[in-house]
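Below: the structure, in structure tokens.
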Amino acid sequence: MINLLNITYPEFESLIVTTLQEKTYRAMQIWQWVWQKQITDIESMTNLPQKIRASLTALIKINLPEIVTIQQSSDGTKKFLLRLSDGALIETVLIPSIDKAGNIRITQCLSSQVGCSMGCTFCSTATMGFIRNLTAGEIVSQVLLAKLHLNDNKPDKPIIRNIVFMGMGEPLLNLTELTRALHILHSEKGLNFSARRITVSTCGIKKGIQALSENGLAFLALSLHASNQELRSTIMPKAAKWDLKELIDTLKNYSLKKREKITFEYLLLGGINDSPEHAKELAKLITDIKGKLNLIPYNPAQGQPYLKPTEENILKFQKVLWSKGIVTILRKSKGQDINAACGQLKTTYLSQSSSTIY
């Protein structure tokens with residue numbers, strides 16, 4: 001059987017027309033039942049004749065992960081621990097904000113891998129090691145589950161407004177499945193996320209950056225975290241195999257849409273990369289790129305050797321960047337009290353469980 005969540009709309013339409021010998025509008029009806037109304041029970045798709053429902057039941061399945069736990073932070077952030085069909089565990093996070101009209105808007109942080117191979121020394125996920133890539137269906141199912149949880153079924157007034165690939169894993173090391181997932185997210189007949197509402201964050205995988213530049217399916221964020229190659233080699237040893245200056249040159253040739261900017265992410269580690277000298281070096285590195293910089297104070301995590309920077313050092317760092325003409329945003333981390341903030345995603349459930357899933 002075919003997992004409907006794992007295929008794009010053109011593939012699904014072809015399946016309905018060629019295999020079931022039905023009209024294309026039937027494909028659209030089914031697709032909208034799943035992706036807009038979050039109906040995953042085929043028998044509940046009431047505008048389909050019984051014959052089609054029976055044929056569809058024999059042809060496709062809709063595999064959703066199991067929700068193991070949901071934790072809610074004092075700031076409203078929610079972290080979902082999900083169990084996939086093979087028992088693997090991943091996390092996805094819902095981050096709330098309030099728009100100008102006073103409505104709640106959610107940014108969802110998605111995982112792209114089980115674990116991560118990059119080994120960044122400040123990241124809790126890195127301690128899991130790399131287990132496997134997620135399929136496109138496993139990526140987009142995180143969104144479907146979140147929409148079900150939120151009762152987010154009004155396409156003209158969505159609650160989940162933005163998607164960020166900043167969860168577990170390096171998205172651009174899972175480029176094939178990531179690209180398929182982006183096409184599913186984009187489908188105007190379904191979730192209808194435009195490129196400007198999706199951000200893919202990477203440690204700096206050049207091949208993947210070039211692919212994202214060509215396909216234009218999402219905005220780009222670069223996890224920089226260091227102002228020079230030597231420092232990056234220390235705190236991001238595997239990512240540092242891509243020379244920093246070559247990486248910046250790649251970004252200078254990145255194809256940007258109108259009003260699009262590259263986002264640079266810089267995690268401030270107390271006493272490591274947070275001096276005014278680092279700020280000057282950083283400004284020089286990125287000054288020729290159309291972008292903006294997110295400053296992220298480090299969130300202390302169990303077992304990690306780093307400290308949170310002082311408020312004084314944070315402000316000094318930001319002041320230097322502003323003086324050099326770098327648009328700099330001090331990002332407030334949410335979900336710290338449930339280990340859902342930047343760098344804290346890790347399936348701690350494993351260590352709390354007496355059973356082993358592998």
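Note: Cβ is positioned from N, Cα and C throughout, glycine not excepted.
Values in this document were obtained by computation on a predicted structure and should not be read as measured data.
Glu91 (active site, proton acceptor) carries a strand DSSP state (E or B). Among the features that Swiss-Prot reports, active site, proton acceptor is placed at Glu91.
Among the features that Swiss-Prot reports, active site, S-methylcysteine intermediate is placed at Cys342, with the record citing sequence analysis.
Look at Swiss-Prot and you will find Cys116, Cys120, Cys123 tagged as [4Fe-4S] cluster binding site.
Positions annotated as S-adenosyl-L-methionine binding site by Swiss-Prot, on the basis of sequence analysis: Gly169, Glu170, Ser201, Ser223, Leu224, His225, Asn299. DSSP gives Ser223 (S-adenosyl-L-methionine binding site) a strand state.
Proximity of Cys109 (disulfide bond) to non-local residues of its own chain (separation of 6 or more, Cβ distance below 8 Å) is seen for Thr92, Val93, Leu94, Ile95, Val164, Phe165, Met166, Gly167, given in sequence order. Under the DSSP three-state reduction, Cys109 (disulfide bond) is assigned to strand. Residues or ranges marked as disulfide bond in Swiss-Prot: Cys109-Cys342.
Taken from Swiss-Prot, the feature domain 'Radical SAM core' applies to 102-337, supported by sequence analysis.
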**Q.** Candidate nearest Gly169 (S-adenosyl-L-methionine binding site) in space, where candidates are the recorded positions Glu91, Cys116, Cys123 and distance is Cα-Cα
**A.** Cys116
Q) Want to know which recorded positions, from Glu91, Glu170, Ser223, Leu224, His225, Asn299, are within 10 Å of Cys116 ([4Fe-4S] cluster binding site) at Cα; which are they? A) Glu170
Q: List the Cα distance (Å, whole number) between Asn299 (S-adenosyl-L-methionine binding site) and Cys123 ([4Fe-4S] cluster binding site).
A: 10
Q. What's the CA to CA span in angstrom from Leu224 (S-adenosyl-L-methionine binding site) over to Cys120 ([4Fe-4S] cluster binding site)?
A. 11
**Q.** Greatest C-beta neighbour count within 10 angstroms, which of the binding-site residues Ser201, Ser223
**A.** Ser223
